[in-house]
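Engineer: Let me begin by handing over the structure; questions about it come next.
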Amino acid sequence: MSKKLIQTKLSFSSSQPEPVNDEVTKPFLKRKLSDSAVEEDMSEPGKSRLILSYADAVDGSSAQSNKYVKFHENIESSSGSIQENAGASSNLQRSTSWTLIDSLPDEAFPHDSSDYTDDTHNYNRIEKDKPNTSHDSDPCWKGVPLSELKKAPECFKSRYKKLSPGPGHIVFFDVLNKGWENEDLKPFRRQQNDTWNNDYVYMPNHERNQMLENGEMYYSWDKICVALSKNIPGTLELQRTILSYNPHYRRKWSFEGLHLYFEQNKESSKMKDEFFVTILPKMQDLALRLPELCPMAIPILKQRRNMKITFSQEQIACLLANAFFCTFPKRNFKPKNSPLPDINFSNLYSESQCSRKFEKFKCIINYFKRVTTTMPTGAVTYARQYEIPDNTFWNTTDKKFTNLHVSTSGTIEDDGRGMLQADFANKYVGGGVLGHGLVQEEIRFLICPEMILSRLFTEVLTDNEVLIMTGCERFSNYEGYSESFKFSGDHQDTTESDVWKRKCTEVVAMDALVVRGDKRLSSIRRK
């Protein structure tokens with residue numbers, strides 16, 4: 001008999017027969033949990049050892065004594081995704097740690113009690129090999145086939161109402177005219193009071209955005225317009241341009257990563273010509289259209305407030321172009337306890353973690369190449385949702401998940417199409433997307449750069465808040481993860497659009513839970 005560490009899935013069930021001696025079972029199960037291992041009988045192919053016992057062996061609660069724990073082997077697991085009928089999906093990376101899924105229905109692990117034989121010493125059960133009856137191509141999944149889960153837009157048609165601005169929803173394009181859905185989205189204008197305060201984004205073109213140079217005060221937007229109206233033939237000129245209206249950072253910012261990207265790239269000559277001759281001039285023009293495309297102040301999505309804002313994709317491209325040129329005031333330095341993440345791209349241009357940043361540059365440049373060639377005509381909504389904590393819900397609810405699909409392969413953005421997709425976020429949305437981070441959240445923001453804009457106006461998330469981004473288009477393909485991440489070409493997003501002209505893609509960003517010191521969850525390793 002040989003042993004190996006394998007991924008394990010847990011589910012609670014009340015239908016299993018009662019063990020003979022609970023006092024024997026508890027310490028055995030606790031030992032199994034602490035060892036993070038399950039024995040597999042390698043001498044009999046197709047058979048593996050399962051353990052059945054009280055759930056209170058995990059949490060010590062006598063109230064759970066009518067429930068049982070079922071361990072099920074997931075052989076040779078490389079990655080996984082959890083996709084639930086209500087729309088939630090997540091992605092689990094390669095790991096030898098255990099995967100814990102609470103309160104799944106028995107249908108998620110379709111084996112009845114006749115599949116087990118007694119062993120009164122430690123209550124092991126031998127599971128008989130079952131043929132795979134999956135209709136999906138992935139042989140390692142449980143629950144219902146993906147094809148049976150409800151997906152957008154069909155399951156959401158009834159919830160769409162007329163798109164209209166209100167106190168809780170700011171729309172930045174004109175939807176007051178009948179038939180706007182069939183026309184180009186035009187910026188909405190309205191008279192506003194003073195917006196140069198912490199309740200709004202500090203905009204580059206605001207009249208109070210001024211800078212002191214040589215003892216004189218200048219209107220910063222004038223300096224930005226002069227700088228971005230000039231020809232920028234290379235990286236050194238781009239560096240000088242950005243620093244011309246950010247003089248305080250001339251000795252603080254490094255642009256070595258940007259320089260090295262164009263110098264060391266194998267196709268540097270061709271890429272440099274395309275970028276500086278074709279793409280960058282259009283980006284300059286796009287950034288300078290800020291007063292035209294974004295005439296209204298942008299509110300900050302504050303903590304503990306339900307609020308949503310909707311932009312056209314053209315407005316988003318304009319704002320991201322300004323972030324590329326580092327024009328947003330008061331956002332060049334993020335204090336330790338700042339409520340907002342950084343948005344200007346200055347940190348992306350530094351020398352640290354160059355190999356990672358080279359791939360990030362490819363994704364960002366591909367996005368700007370696309371939008372400056374053919375501007376997309378859709379819309380994107382960013383909605384912050386706050387829920388008053390209810391610490392009793394999970395302890396008292398008798399509700400069960402409906403249809404569930406648990407798989408060891410696939411990706412959220414591909415296999416979760418049409419469902420609510422999880423972003424296991426940093427409390428500052430986007431995490432290290434503009435720095436050295438390059439895991440699940442950062443990758444998603446890079447292939448869907450419209451998500452990066454959320455950093456402009458989203459305060460740090462608390463434990464009871466999420467940010468839902470609806471309509472973000474995917475522009476890039478990729479392969480690998482973290483150090484192995486590589487941009488692998490342009491992506492044409494064929495996802496349907498809803499009646500608000502948004503892609504039927506919903507991504508929910510939630511601050512990922514940090515698990516430390518909890519014995520019940522000690523076998524879960526955070527990646």
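Including glycine, each Cβ sits where the backbone N, Cα and C put it.
On a predicted model such as this, the values are computed, not experimentally measured, just so you know.
According to TrEMBL, the record shows the following:
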type	residues	note
ACT_SITE	D423	active site
ACT_SITE	E441	active site
ACT_SITE	E442	active site
BINDING	N426, Q440, Y481	substrate binding site
COMPBIAS	8-18	compositional bias 'Polar residues'
DOMAIN	270-384	domain 'PARG helical'
DOMAIN	393-517	domain 'PARG catalytic Macro'
REGION	1-27	region 'Disordered'
REGION	109-138	region 'Disordered'
Engineer: Across the domain 'PARG helical' (270-384), what is the average pLDDT of the model, as a whole number?
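Structural biologist: Mean per-residue confidence for the domain 'PARG helical' (270-384): 94 out of 100.
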Engineer: I'm trying to understand the geometry here, so how far is the Cα atom of E442 (active site) from the Cα atom of D423 (active site), in Å to the nearest whole number?
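Structural biologist: On Cα coordinates alone, these residues lie 9 Å apart.
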Engineer: C-alpha of E441 (active site) to C-alpha of D423 (active site): distance in Å?
Structural biologist: 6
Engineer: Hey, what's the widest CA-to-CA gap across N426, Q440, Y481, the substrate contacts in the record, in Å?
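Structural biologist: Greatest Cα-Cα span of the listed binding residues: 17 Å.
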Engineer: Ten-angstrom check, please: count other Cβ atoms within 10 Å of the Cβ of Y481 (substrate binding site), all chains counted.
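Structural biologist: Cβ-Cβ neighbours of Y481 (substrate binding site) within 10 Å number 17.
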Engineer: For the domain 'PARG helical' (270-384), DSSP counts of helix, strand and coil?
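Structural biologist: Counting residues by DSSP class gives 60 helix, 14 strand, 41 coil.
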Engineer: On the DSSP side of things, how many residues of the domain 'PARG catalytic Macro' (393-517) fall into helix, strand and coil, could you say?
Structural biologist: 26 helix, 34 strand, 65 coil
Engineer: Whole-number Å distance between the CA of Q440 (substrate binding site) and the CA of D423 (active site)?
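Structural biologist: With distance taken Cα to Cα, D423 (active site) is 7 Å from Q440 (substrate binding site).
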Engineer: Give me the non-local Cβ neighbours of N426 (substrate binding site): same chain, 6+ apart in sequence, Cβ-Cβ under 8 Å, ordered along the sequence.
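Structural biologist: When sequence neighbours closer than 6 are ignored, N426 (substrate binding site) has G432, G437, E441, D511, A512 within Cβ distance under 8 Å.
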Engineer: Measuring Cα to Cα, tell me the gap between Y481 (substrate binding site) and D423 (active site) in whole angstrom.
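Structural biologist: Distance (Cα to Cα, whole Å): 15 Å.
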